[in-house]
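Peer 1: Submitted below is the structure of interest, expressed as structure tokens.
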């Protein structure tokens, strides 16, 4: 066996980019980092940069993604929410109504980054009905409870759903 396999993963300083998918909306950009069971989560929003760090996954790998964003965001209005399966970030655009053709300033393709086609929508040709997507995201996050300075409503919403689902399954 080579030396790499004899080392514990905690001893390896190398970080791996987390797999992510993103989509654009009129007033916000959404990025979902697909890391299960994330710990030591750090998400830093800057005017033109996003810094994501955590430890997670089955192998408990260190993940780090640093993105120079395509356009400016409002760091104070941007939010993130951790779940057992991923971390969803909502980047509030500094200038709503301006489409982002890509997530990063750099035109390079990143193997770990893809488009979330399930949520992608060509909103430029639509009416203004989608203007409240950030508000819907904020409402969802508030009802789910908070982390890292976000309002905490006791996570009762999620736990209640899990208990309700279990009860439903037992009746089947």
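Glycine residues also receive a Cβ, built from the backbone N, Cα and C atoms like all the rest.
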Peer 1: For the region 'Disordered' entry in TrEMBL, name the matching range from 111-141, 142-172.
Peer 2: 142-172
Peer 1: DSSP-wise, what's the residue breakdown of the domain 'CS' (15-104) into helix, strand and coil?
Peer 2: 0 helix, 50 strand, 40 coil
